[in-house]
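S.K.: Below you will find the structure I want to go over with you.
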Amino acid sequence: MALRFPRFSQGLAQDPTTRRIWFGIATAHDFESHDDITEERLYQNIFASHFGQLAIIFLWTSGNLFHVAWQGNFETWIQDPLHVRPIAHAIWDPHFGQPAVEAFTRGGALGPVNIAYSGVYQWWYTIGLRTNEDLYTGALFLLFLSALSLIGGWLHLQPKWKPRVSWFKNAESRLNHHLSGLFGVSSLAWTGHLVHVAIPASRGEYVRWNNFLNVLPHPQGLGPLFTGQWNLYAQNPDSSSHLFGTSQGSGTAILTLLGGFHPQTQSLWLTDMAHHHLAIAILFLIAGHMYRTNFGIGHSIKDLLEAHIPPGGRLGRGHKGLYDTINNSIHFQLGLALASLGVITSLVAQHMYSLPAYAFIAQDFTTQAALYTHHQYIAGFIMTGAFAHGAIFFIRDYNPEQNEDNVLARMLDHKEAIISQLSWASLFLGFHTLGLYVHNDVMLAFGTSEKQILIEPIFAQWIQSAHGKTSYGFDVLLSSTNGPAFNAGRSIWLPGWLNAINENSNSLFLTIGPGDFLVHHAIALGLHTTTLILVKGALDARGSKLMPDKKDFGYSFPCDGPGRGGTCDISAWDAFYLAVFWMLNTIGWVTFYWHWKHITLWQGNVSQFNESSTYLMGWLRDYLWLNSSQLINGYNPFGMNSLSVWAWMFLFGHLVWATGFMFLISWRGYWQELIETLAWAHERTPLANLIRWKDKPVALSIVQARLVGLAHFSVGYIFTYAAFLIASTSGKFG
């Protein structure tokens, strides 16, 4: 008999219904559940798949470079980054009529093109790329790396090259190599690139393989390094009149602490960034030599953890048992990695707009909006994933005997206190925030806007003032002009930083008021509720008050009637499913807030945000409705324009989103009956009944339908907002 899909589970392959296909797809990556899996093969499969992941990433980035070099306008854009629109790639579409061809022929192109809102042009320009040839070279190099990764993945599945389990579990060695290799050496290499290529390029000097050995990055070469006169590298920085990419107003410094932004590009000083990466490199190179491996020197992580017994016995046996628990659980490790990566991705979103690193990106408003939104959504998905794998850890890998009375066991012991604490915090935030918004709504509806409850965020304003923002008049710490810290700041550290905070041309420490106070608490509500659902899902994964015997029912049991008190929505899977809706909801509020506040800043009508953001009707009317006018106008009696594609995507996003509800709000029995009816009709229809199928069609399980519904809801939600964001921003600012 020919092997049927899925080959990794012969039990499932025997299933006579369409469940075989769906469950096969669902468990394809759950290596732990596959037939004949051993711990060694599990680790080797995951290791090999990492190489495949890298190959895909390199191929994708190579494609970006290649298409811009082939179909973009990089060399033209460099001549005038503020007015030429960067082209991502050409569009070839046989359906385009003349109006469409005209609408999408932009940026000096000969035919229809897509505009780039990813910031790659600004990034490549900042790091020293200047010609299409540079882009092609980069694309080829990344293609080579992609091939190398694929070969590496294949190689590490061959018998002679398969790593052993002991190698995967050597935590100290892995930590040393990741700290000093991934972070240390790569940061050092990046410093080298910035100093040898990017900084000279910003001063009009073109350094490539043919001349990089005879162009000194600094007039004094390595002299100051070896004589200990490191401060020489910071002397004579670029002046405030420096024209980026030319020698006009440029200096010779390579490692500085200027602070603030380059006046022309509105981005951080390249010499500050080189200095930053050098410091990071040194820190991580030291950190990467701290853990004990072959030589018996350095820290043992197990010893470190076991020494962590808090005084007074308030946390029981502290971190005892954690080393083996974490080191033997891939899900725990993945949970930690995802939690860290999620936080970092959100921080990237926050810092890319407030401290722009790439030349001229701050003046490309649509790109700023797109990058912020993109990174916040990615962060949301990654963070929810962290808790999902935390829940799987408790089900598959947690051993109560091994963790007796340590910090992990104590989390489980008082989980009810944790869950109820999050619960009352969420309820408090929700009712009070909504109460304020609704009160203000009613006051405006009755024409008595002066009766709104408007709360000044004085604590946040005080914190901003302490960091140097003077406009609130608090006169405290760095905003106090006669304080020692302020005066030291003028000369010793980051002299440009305080100026940047008080300039109104950037997004540092934006002025905040009652509207910000309210939306801040709405976002806090979203964050706490999402966290509540996720934490409860993980802590109750093996058993809860309602159903103490969960661990015998696997990871994703369906709704099981009222027998054990009803098991709907109480599996770890269900918690994840519900949390994703709240995550999307929260990030919706975050991105609405960011976008509206910035649109009014960029347009110079900040009072619109300040006055309309204190009541819900203001958000609905003056943000959502007002800014969707371009989308509703994508197609009109006068033909089409360059926003038509976003108008279409806006509609299509709503369609996908609405389709999600067909799976989310329905009864499984209804679908089963519908399927049976269709199958019956098919089998009795001449000609049609010549087509047969082997698998008996059955309705999706409850968990499957929820997944399909959630996927449509998420994709539709993001498509809709992406179209809204890009069209409303590019429609205003070009």
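Positions of Cβ are set from backbone N, Cα and C atoms, glycine also.
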S.K.: Which is it, of 175-199, 675-699, that Swiss-Prot names as transmembrane segment?
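M.R.: The listed stretch tagged transmembrane segment in Swiss-Prot is 175-199.
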S.K.: Can you find at least 3 Cβ pairs under 8 Å between the transmembrane segment (369-395) and the transmembrane segment (135-158), where each pair is 6 or more residues apart in sequence?
M.R.: no
S.K.: Any residues 6+ beyond the ends of the transmembrane segment (417-439) with a Cβ under 8 Å from its own?
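M.R.: Beyond its ends, the transmembrane segment (417-439) has Cβ neighbours at 411, 452-453, 455, 518, 521-522, 524-525, 528-529, 531-532, 535-536, 539-540, 614-616.
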S.K.: Have a look around TYR670 (chlorophyll a B3 binding site) and count the other CB atoms within 10 A of its CB, chains all included.
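M.R.: Its Cβ shell of radius 10 Å holds 10 other Cβ atoms.
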S.K.: Taking only the Cα atoms, work out how far CYS559 ([4Fe-4S] cluster binding site) lies from TYR670 (chlorophyll a B3 binding site), in Å, as a whole number.
M.R.: 16
S.K.: Below 8 Å Cβ to Cβ and six or more residues apart, same chain only. Which residues does that give for TRP671 (phylloquinone binding site)?
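M.R.: The answer is ALA699, LEU700, ALA705.
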S.K.: Hey, how far is MET662 (chlorophyll a B3 binding site) from CYS568 ([4Fe-4S] cluster binding site), Cα to Cα, in Å?
M.R.: 19
